[in-house]
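Beneath this line is the structure, given in structure tokens, with notes to follow.
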Amino acid sequence: MTRRPLTAVGIAAALVLLLPNICDSAMAPKSESHFPVPSYESPQWWVNRGRADLLAAKAAASNLQRGRAKNLVFFLGDGLSLTSTMAGRVYKGQLQNRSGEEAQLSYETFPQIALAKTYDCDFQTSDSGATATAIGSGVKTNDGNIGVNQDVIRGNCTTYDPSKNLYSFMHYAQLAGKSVGLVTTTRITHATPAAMYAHSPSRSWESDANLPAGTDKTKCPDIATQLVSNAADWNVIFGGGRTNFLPTAESTIDYSNKNSSVSGKRQDGVNLINRWRNLQSSKMRRFAFAESKSQFDAIDPANTDYVLGLFAHEPPALPVGQRDGPDLSGAESLRDGGQSHSHSVPQSNALPFSWKLVASITLTMTTTASEPCTMSWSWTGQSLEQW
């Protein structure tokens, strides 16, 4: 029998299994409670709560048989795993001076909730591009691919042709005459949002500056170019990554950094923002472009049917858990998400909503003779929760 070498993954798994036993044996029973039991809790309260949850689940199942949805808001938390959800839930509860686990994030209260496992055709741990492609199209693909099937090799333009394209539900919604919008708190060309409209052998090809030397730019256009060509008929597009749409000879304002100037990244000399404007003008549409909060606030929803907002040259930096803050190049408007004006689009009812950030936390547990099971916290990311 061949022995396999002990890997870092195996060590980590062993530590995870051992930690609960270590902590159980190291921690002596304590008489006091870190978090007092709420006065309303009782054995009967838990019975009543369970009964209420069961009735709510039955009602939700019954509602599935009624009517037909008119609008769909698809919210995707990139990297928002079960452990990230748990950490955010506990943090939220402990901010309210409770133990934490009894708290609920907004999406945990939805009437229908399901779990999905993520993996690529060629990798066990999926990246955002392949995962978003699978979510959007229903077809799995290779790691790093954007809107193309598994026959395309990552980073290899020669393996791509349009017959290998995968199309997202947003594409089909548009074909069905629906109003379509895409809002992200990262670059609009980032892997997750890009999978909704682009077809690329590599998530990294956000602008033509990222294409490898010798790449056929006609066969494999960069993702920013594809946004303008493939999503020109979408009603709302909000995100960051403005420099991917501007040539190196042009500069733009970095509103989040004392209004400093930053140059575009494109090497083909094309201003894609102007190209988008020209496309809208050629179709005689009512449109608007915004790159700052003041420009966003100036948009008149009653007279605007198509809007493009590129609010930062890099992902908008939103302050964790902070409701009020400086003008973060339109990021505040993304977070307020239509609270001030809902930006209704044709054929749809306006759905005002707003979001706040909840920290995703790494928990590190250490054990010593004097301090058994000491837990330290470090910030590793952010997730969104309804305000």
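Note: Cβ is positioned from N, Cα and C throughout, glycine not excepted.
Taken from TrEMBL, the feature active site, phosphoserine intermediate applies to Ser128. Per TrEMBL, Zn(2+) binding site is recorded for Asp78. The Mg(2+) binding site annotation in TrEMBL covers Asp78, His190, Thr192. Annotation comment: TrEMBL describes 317-347 as region 'Disordered'. Positions annotated as signal peptide by TrEMBL: 1-25.
Projection of TrEMBL feature records onto the structure.
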residue: Asp78; record: Zn(2+) binding site; CB count, 10 Å: 17
residue: Ser128; record: active site, phosphoserine intermediate; CB count, 10 Å: 21
residue: His190; record: Mg(2+) binding site; CB count, 10 Å: 23
residue: Thr192; record: Mg(2+) binding site; CB count, 10 Å: 23
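Other residues of the same chain near the Mg(2+) site, with their Cβ within 8 Å of the Cβ centroid of Asp78, His190, Thr192, are Leu76, Ser128, Ala132, Thr184, Thr186, Ala191, Pro193, Ala194. A gap of 7 Å separates the Cα atoms of Ser128 (active site, phosphoserine intermediate) and the residue listed as 'Zn(2+) binding site'.
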